[in-house]
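K.L.:
Mind having a look at this structure? Questions to follow.
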């Protein structure tokens, strides 16, 4: 078997990298088109939300991000797999304010089953919060990652990875697992 499936596939990474690294080591990746990764605090301008850095602050590394910190060796393997990777950083969700106005507009724009599902999920998540509708305590990290990925796939006729949710920028990322 030279491929994972009969057609090109897209992978999502919204947790620690160990399972995906093991999968990639044991399966061919010839037809993995790209990978969309949630994680990292790349350039936050708001230290009150996700901070300037990662989301897991330790005494020895203030840049840690949970999904990478959990197993930096396997994160390194995945990020150096040769597959095109789009990283959606934690701080990207700072641009999506979850206000009562946003939720009301979302409720009024339900035109498809997908939007209805998303609205119901978000409404349930926010209303079940122990904090009285405190939007700042809930970040749409994984949801934004999927939204960016779907938008990139929708605009796949262009090679510049355009999407409706985020400004894209090519960057070099270093994963240091020798601490």
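Every residue, even glycine, has its Cβ placed from backbone N, Cα and C.
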K.L.:
According to TrEMBL, transmembrane segment applies to one of these ranges: 6-25, 26-45. Which one is it?
P.N.:
6-25
K.L.:
Taking residues 6+ outside the transmembrane segment (6-25), which of them lie with a CB under 8 Å of any CB in it?
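P.N.:
Distant contacts of the transmembrane segment (6-25): 31-39, 66-68, 70-71, 74-75, 77-78, 81, 83, 141-142, 145-146, 149, 153.
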